[in-house]
Amino acid sequence: MKLKPLILSNWKLNGNCLLVKKILLKLNEKLKNKNNLKVVIAPPVIYLSEFKKYVLKKNIFLAAQNVDVNLTGSFTGEISPIMLYEFGVKYVIIGHSERRLYHNESIEDVTKKFLILKKFNLIPVLCIGETKKNKDDKCIENEIVKQIDFILKKIGIEGFINTVIAYEPTWAIGKKDSASPKYIQKIHKFIRNYLSKYDNDISKKIILQYGGSVNSKNVKKIISQKDVNGVLLGRSSTNIEEFLYILDIIEKTKKS
(Lines of atoms letter the chains of each structure in order from A; the text may use other names.)
(Lines give C-alpha, C1' and ligand atoms only; values in the text may rest on other atoms or scores of the structure.)
Protein backbone atom coordinates (compact mmCIF):
# COMPACT_ATOMS: atom_id res chain seq x y z
CA MET A 1 0.00 0.00 0.00
CA LYS A 2 1.40 3.38 -1.01
CA LEU A 3 1.25 5.89 1.83
CA LYS A 4 1.34 9.64 1.33
CA PRO A 5 4.70 10.98 2.63
CA LEU A 6 4.37 12.72 5.99
CA ILE A 7 6.92 15.39 6.84
CA LEU A 8 6.89 16.54 10.44
CA SER A 9 8.74 19.71 11.39
CA ASN A 10 9.64 19.74 15.09
CA TRP A 11 10.74 23.26 15.99
CA LYS A 12 11.70 22.29 19.54
CA LEU A 13 12.51 25.46 21.54
CA ASN A 14 13.02 27.67 18.49
CA GLY A 15 11.17 30.21 16.38
CA ASN A 16 9.27 33.47 16.72
CA CYS A 17 6.07 35.06 15.38
CA LEU A 18 7.82 36.43 12.29
CA LEU A 19 9.25 33.02 11.36
CA VAL A 20 5.80 31.45 11.75
CA LYS A 21 4.32 33.93 9.30
CA LYS A 22 7.17 33.60 6.79
CA ILE A 23 7.13 29.81 6.75
CA LEU A 24 3.35 29.50 6.51
CA LEU A 25 3.06 32.04 3.68
CA LYS A 26 5.75 30.15 1.74
CA LEU A 27 4.22 26.77 2.56
CA ASN A 28 0.74 27.80 1.48
CA GLU A 29 2.16 28.90 -1.85
CA LYS A 30 4.39 25.85 -2.17
CA LEU A 31 1.59 23.37 -1.58
CA LYS A 32 -0.87 25.19 -3.80
CA ASN A 33 -2.69 22.65 -5.99
CA LYS A 34 -0.58 19.84 -4.50
CA ASN A 35 -2.06 17.00 -2.53
CA ASN A 36 0.73 14.44 -2.56
CA LEU A 37 2.47 15.50 0.66
CA LYS A 38 1.32 15.89 4.26
CA VAL A 39 3.19 18.58 6.16
CA VAL A 40 2.90 18.75 9.94
CA ILE A 41 4.37 21.59 11.99
CA ALA A 42 5.08 21.28 15.71
CA PRO A 43 6.08 24.74 16.97
CA PRO A 44 6.46 25.69 20.63
CA VAL A 45 2.91 25.60 22.02
CA ILE A 46 2.81 29.39 22.44
CA TYR A 47 2.94 29.78 18.62
CA LEU A 48 0.11 27.36 17.80
CA SER A 49 -2.37 30.23 17.53
CA GLU A 50 -0.07 32.03 15.06
CA PHE A 51 0.12 28.90 12.92
CA LYS A 52 -3.62 28.48 12.97
CA LYS A 53 -3.97 32.05 11.74
CA TYR A 54 -1.91 31.45 8.60
CA VAL A 55 -2.65 27.83 7.63
CA LEU A 56 -4.70 27.88 4.42
CA LYS A 57 -3.96 24.52 2.81
CA LYS A 58 -5.72 21.30 3.75
CA ASN A 59 -2.49 19.31 3.74
CA ILE A 60 -0.77 21.40 6.44
CA PHE A 61 -1.51 20.18 9.95
CA LEU A 62 -0.77 21.37 13.47
CA ALA A 63 1.13 19.26 15.99
CA ALA A 64 2.10 19.64 19.62
CA GLN A 65 5.52 18.69 20.97
CA ASN A 66 4.11 17.25 24.19
CA VAL A 67 0.92 16.55 26.14
CA ASP A 68 0.02 15.90 29.76
CA VAL A 69 -1.99 12.85 30.81
CA ASN A 70 -4.21 14.92 33.10
CA LEU A 71 -7.31 16.57 31.67
CA THR A 72 -7.65 19.37 34.26
CA GLY A 73 -6.25 20.30 37.65
CA SER A 74 -3.32 21.85 39.46
CA PHE A 75 -0.56 20.96 37.01
CA THR A 76 1.34 24.17 36.37
CA GLY A 77 2.91 24.47 32.94
CA GLU A 78 1.13 21.49 31.40
CA ILE A 79 -1.32 21.27 28.50
CA SER A 80 -4.11 18.71 28.27
CA PRO A 81 -5.28 16.64 25.28
CA ILE A 82 -8.69 18.34 25.50
CA MET A 83 -7.06 21.75 25.00
CA LEU A 84 -5.09 20.50 22.01
CA TYR A 85 -8.13 18.83 20.47
CA GLU A 86 -10.31 21.94 20.89
CA PHE A 87 -7.60 24.05 19.31
CA GLY A 88 -7.45 21.93 16.17
CA VAL A 89 -4.17 20.12 16.80
CA LYS A 90 -4.11 16.77 14.98
CA TYR A 91 -0.73 15.20 15.83
CA VAL A 92 1.20 15.01 19.11
CA ILE A 93 4.83 13.96 19.50
CA ILE A 94 5.41 11.57 22.40
CA GLY A 95 8.45 9.63 23.57
CA HIS A 96 10.98 11.97 21.98
CA SER A 97 14.49 11.17 23.18
CA GLU A 98 14.91 14.70 24.55
CA ARG A 99 11.82 14.25 26.74
CA ARG A 100 13.17 10.92 27.94
CA LEU A 101 16.61 12.38 28.63
CA TYR A 102 15.85 15.82 30.09
CA HIS A 103 12.46 15.11 31.70
CA ASN A 104 13.06 11.51 32.76
CA GLU A 105 10.04 10.23 30.84
CA SER A 106 9.72 6.46 31.08
CA ILE A 107 8.07 3.89 28.83
CA GLU A 108 5.18 3.92 31.31
CA ASP A 109 4.80 7.71 30.91
CA VAL A 110 4.85 7.46 27.12
CA THR A 111 2.26 4.67 27.19
CA LYS A 112 -0.10 6.77 29.33
CA LYS A 113 0.24 9.63 26.85
CA PHE A 114 -0.42 7.30 23.92
CA LEU A 115 -3.63 6.03 25.54
CA ILE A 116 -4.97 9.49 26.41
CA LEU A 117 -4.30 10.77 22.87
CA LYS A 118 -6.25 7.87 21.41
CA LYS A 119 -9.15 8.68 23.71
CA PHE A 120 -9.41 12.15 22.16
CA ASN A 121 -8.78 11.11 18.53
CA LEU A 122 -5.38 12.77 18.42
CA ILE A 123 -2.69 11.04 16.36
CA PRO A 124 0.36 10.00 18.38
CA VAL A 125 3.76 10.40 16.76
CA LEU A 126 5.47 7.70 18.80
CA CYS A 127 9.24 8.16 18.88
CA ILE A 128 11.23 4.99 19.44
CA GLY A 129 14.84 3.97 18.97
CA GLU A 130 18.02 2.78 20.58
CA THR A 131 20.11 5.08 22.75
CA LYS A 132 23.57 3.87 21.71
CA LYS A 133 25.25 2.60 18.57
CA ASN A 134 25.37 -1.17 18.79
CA LYS A 135 26.75 -3.67 16.32
CA ASP A 136 24.51 -6.37 17.78
CA ASP A 137 21.25 -6.25 15.79
CA LYS A 138 19.50 -8.38 18.39
CA CYS A 139 20.16 -5.83 21.15
CA ILE A 140 18.75 -3.02 18.99
CA GLU A 141 15.69 -5.06 18.04
CA ASN A 142 15.04 -5.99 21.67
CA GLU A 143 15.20 -2.34 22.73
CA ILE A 144 12.71 -1.33 20.02
CA VAL A 145 10.37 -4.25 20.74
CA LYS A 146 10.35 -3.36 24.43
CA GLN A 147 9.13 0.17 23.61
CA ILE A 148 6.40 -1.09 21.26
CA ASP A 149 5.27 -4.01 23.42
CA PHE A 150 4.54 -1.85 26.44
CA ILE A 151 1.84 -0.08 24.42
CA LEU A 152 0.66 -3.20 22.55
CA LYS A 153 -0.10 -4.94 25.84
CA LYS A 154 -2.28 -2.03 26.95
CA ILE A 155 -4.23 -1.27 23.77
CA GLY A 156 -3.55 -4.03 21.23
CA ILE A 157 -2.61 -3.66 17.58
CA GLU A 158 -5.91 -1.89 16.83
CA GLY A 159 -4.60 1.02 18.90
CA PHE A 160 -1.92 1.57 16.25
CA ILE A 161 -4.49 2.50 13.61
CA ASN A 162 -3.93 6.21 12.84
CA THR A 163 -0.55 6.21 14.53
CA VAL A 164 2.80 7.46 13.29
CA ILE A 165 5.96 5.73 14.47
CA ALA A 166 9.11 7.81 14.25
CA TYR A 167 12.32 5.81 14.45
CA GLU A 168 14.97 8.12 15.88
CA PRO A 169 18.20 6.58 17.13
CA THR A 170 19.39 8.91 19.90
CA TRP A 171 22.99 8.74 18.70
CA ALA A 172 22.00 10.34 15.35
CA ILE A 173 19.98 13.30 16.69
CA GLY A 174 21.59 16.71 16.28
CA LYS A 175 24.73 15.19 14.80
CA LYS A 176 26.57 15.85 11.54
CA ASP A 177 25.45 12.58 9.94
CA SER A 178 22.24 10.56 10.03
CA ALA A 179 22.09 6.79 10.23
CA SER A 180 22.85 5.21 6.84
CA PRO A 181 19.88 4.67 4.48
CA LYS A 182 20.57 0.93 4.46
CA TYR A 183 20.51 0.80 8.25
CA ILE A 184 17.33 2.93 8.41
CA GLN A 185 15.53 0.59 5.99
CA LYS A 186 16.65 -2.46 7.97
CA ILE A 187 15.17 -1.09 11.21
CA HIS A 188 11.98 0.20 9.55
CA LYS A 189 11.44 -3.17 7.91
CA PHE A 190 11.96 -4.89 11.25
CA ILE A 191 9.36 -2.61 12.92
CA ARG A 192 6.78 -3.22 10.19
CA ASN A 193 7.40 -6.96 10.14
CA TYR A 194 7.11 -7.13 13.92
CA LEU A 195 3.75 -5.32 13.88
CA SER A 196 2.55 -7.49 10.97
CA LYS A 197 2.68 -10.51 13.29
CA TYR A 198 -0.27 -8.96 15.12
CA ASP A 199 -2.12 -7.66 12.05
CA ASN A 200 -0.64 -7.48 8.57
CA ASP A 201 -3.20 -5.01 7.18
CA ILE A 202 -2.75 -2.55 10.06
CA SER A 203 1.04 -2.76 9.83
CA LYS A 204 0.93 -1.78 6.15
CA LYS A 205 -1.02 1.40 6.96
CA ILE A 206 1.23 2.65 9.77
CA ILE A 207 3.40 5.59 8.72
CA LEU A 208 7.03 4.96 9.64
CA GLN A 209 9.18 8.07 9.79
CA TYR A 210 12.90 8.48 10.28
CA GLY A 211 14.29 11.23 12.49
CA GLY A 212 17.91 12.10 13.21
CA SER A 213 20.02 14.69 11.35
CA VAL A 214 17.90 14.70 8.19
CA ASN A 215 18.80 17.45 5.71
CA SER A 216 18.62 18.26 2.00
CA LYS A 217 21.85 16.33 1.35
CA ASN A 218 20.68 12.99 2.70
CA VAL A 219 16.87 13.08 2.52
CA LYS A 220 16.61 11.65 -1.01
CA LYS A 221 18.38 8.41 -0.10
CA ILE A 222 16.46 8.14 3.17
CA ILE A 223 12.99 8.70 1.68
CA SER A 224 13.78 6.30 -1.20
CA GLN A 225 13.80 3.36 1.20
CA LYS A 226 10.81 1.05 0.83
CA ASP A 227 9.59 1.21 4.43
CA VAL A 228 10.26 4.91 5.04
CA ASN A 229 7.02 6.90 4.69
CA GLY A 230 8.24 10.25 5.94
CA VAL A 231 10.77 12.15 8.02
CA LEU A 232 10.82 13.88 11.39
CA LEU A 233 12.84 17.05 10.93
CA GLY A 234 14.46 19.17 13.60
CA ARG A 235 16.72 22.17 13.13
CA SER A 236 16.74 21.92 9.30
CA SER A 237 13.02 22.71 9.18
CA THR A 238 13.32 26.15 10.79
CA ASN A 239 15.49 27.28 7.87
CA ILE A 240 12.84 28.28 5.31
CA GLU A 241 14.84 27.63 2.14
CA GLU A 242 16.25 24.35 3.44
CA PHE A 243 12.80 23.16 4.52
CA LEU A 244 11.19 23.99 1.16
CA TYR A 245 14.07 22.32 -0.67
CA ILE A 246 13.60 19.16 1.42
CA LEU A 247 9.90 19.13 0.52
CA ASP A 248 10.82 19.46 -3.17
CA ILE A 249 13.21 16.53 -2.97
CA ILE A 250 10.70 14.31 -1.18
CA GLU A 251 7.95 15.15 -3.66
CA LYS A 252 10.12 14.40 -6.70
CA THR A 253 11.57 11.23 -5.18
CA LYS A 254 8.18 9.77 -4.25
CA LYS A 255 6.77 10.62 -7.69
CA SER A 256 9.49 8.68 -9.51
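Positions of Cβ are set from backbone N, Cα and C atoms, glycine also.
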Worksheet item: Looking at Swiss-Prot, N10, W11, K12, G174 are annotated for substrate. Which of S49, S203, S213 sits in that same site?
Response: S213
Worksheet item: How far apart, in angstrom, are the most distant Cα atoms among the substrate-binding residues N10, W11, K12, G174, S213?
Response: 14
Worksheet item: Measuring Cα to Cα, how many angstrom lie between G174 (substrate binding site) and H96 (active site, electrophile)?
Response: 13
Item to complete: Report, in whole Å, the straight Cα-to-Cα distance of K12 (substrate binding site) from E168 (active site, proton acceptor).
Response: 15
